Amino acid sequence: MSLPELKNFRRIVVKVGSSLLIDSAAGEVRATWLAALAADIAALHRDGRDVMVVSSGSIALGRSRLKLPRGPLKLEESQAAAAVGQIALARIWSEVLGAHGIGAGQILVTFQDTEERRRYLNARSTIAKLLEWRAVPVINENDTVATAEIRYGDNDRLAARVATMASADLLILLSDIDGLYTAPPVANPDAELIPVVESVSAEIEAMAGGAESELSRGGMYTKIEAAKIATTAGTHMLIANGKIEHPLQAIADGGRCTWFLTPANPVTARKRWIAGSLEPKGTLTIDAGAVTALRAGKSLLPAGVIRVDGQFARGDAVLVRGPDTHEIGRGLVAYDAEDADKIKGRSSPDVLIILGISGRSEMIHRDDLVIGSVPGV
């Protein structure tokens, strides 16, 4: 089987763990390594790729800055350390990417931001705008306010959620190990690297060892969980050794890693979810011109809406019907029912006047819209 090549992916999420970013002995950033990684990111960026970074390290950096003793931290201590570390982490990424003329935008999220639909849409829109502006979003779990999430390995799963949210076609988990082995390689010298996983089966899950370092809360188990999230959403994933300099270039050169493949693509998987998994909360009836536009792949604008029915919140699924009441499709609406009713039939510039805020130009963005049927639904 021929494996994918890095050059063929257009939108990439790179997850960097604490054990890679921070020198455990000195408690400081591995500056030379990070500069090399930033150069790799800049190379992808120059080639026209959209690149996002999910970076751990805020608690570890905060511990160092505050000179806290080694050992476990209580919840409130972890949160306070994260508050200090987040400032340092943002500055570090801004500097290393800025050296290549790339702007960095910090986004702090929790799992709730990726699962509650209104917050999900806000975060997704922010990421999309940063990418449109050719900035690199640097995303970290908001450990200052998170509770149960401040625990071992969540940034692996968070990275998968971010990749799904951003419709990325590749998630790279940089680790302190080459990939998934048939057994934990430290304990078993006969363990073999698995170069490709086409489906996360029970057998694959059983191979997940407990590779963990003092600074990292991650392990192979959470990486397998991340793979399930990513591949279900149409995102390929790979695990590669990040301890070497220029780890992304090593992947591009065919270096050792484990690929987790998916037969779907992010847009198809997302639309399958919208079409088959969400209960519509209302209905938008649109005019004939809007029907033609939607079938041509356009977004639904307020001007094309002639009637709003139901009680729905921003981010809810709604049905879209033509003037003859025939169902055209369904999608995630960018306004609640009250505001949608106010701006129906109006041009996008009128939204600011009517609502007092600029709002979204689309009632439903085309990426959040399913017209007709989706394969597999």
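Yeah, the Cβs are placed from backbone N, Cα and C, and that goes for glycine too.
Annotated ATP binding site per Swiss-Prot: Lys15, Ser175, Asp176, in sequence order, evidence recorded as sequence analysis. Around the Cβ of Asp176 (ATP binding site), the number of neighbouring Cβ atoms within 10 Å comes to 15.
Positions annotated as substrate binding site by Swiss-Prot, on the basis of sequence analysis: Ser56, Asp143, Asn155. Ser56 (substrate binding site) carries neither a helix nor a strand DSSP state and counts as coil.
Sorting the domain 'PUA' (281-358) by DSSP state (H, G, I as helix; E, B as strand; all else coil) yields 26 helix, 23 strand, 29 coil. The feature domain 'PUA' is assigned by Swiss-Prot to 281-358.
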Close binding-site residues near Lys15 (ATP binding site), where close means Cα within 10 Å, chosen from Ser56, Asp143, Asn155: Ser56, Asn155
Largest separation between Cα atoms (Å) of residues that the record links to ATP, namely Lys15, Ser175, Asp176: 12
Among Ser56, Asp143, Asn155, the record's substrate binders - longest CA distance, Å: 11
Assigned conformation of Asp176 (ATP binding site) - DSSP reduced to three states: coil
Reduced DSSP assignment, Asn155 (substrate binding site): helix
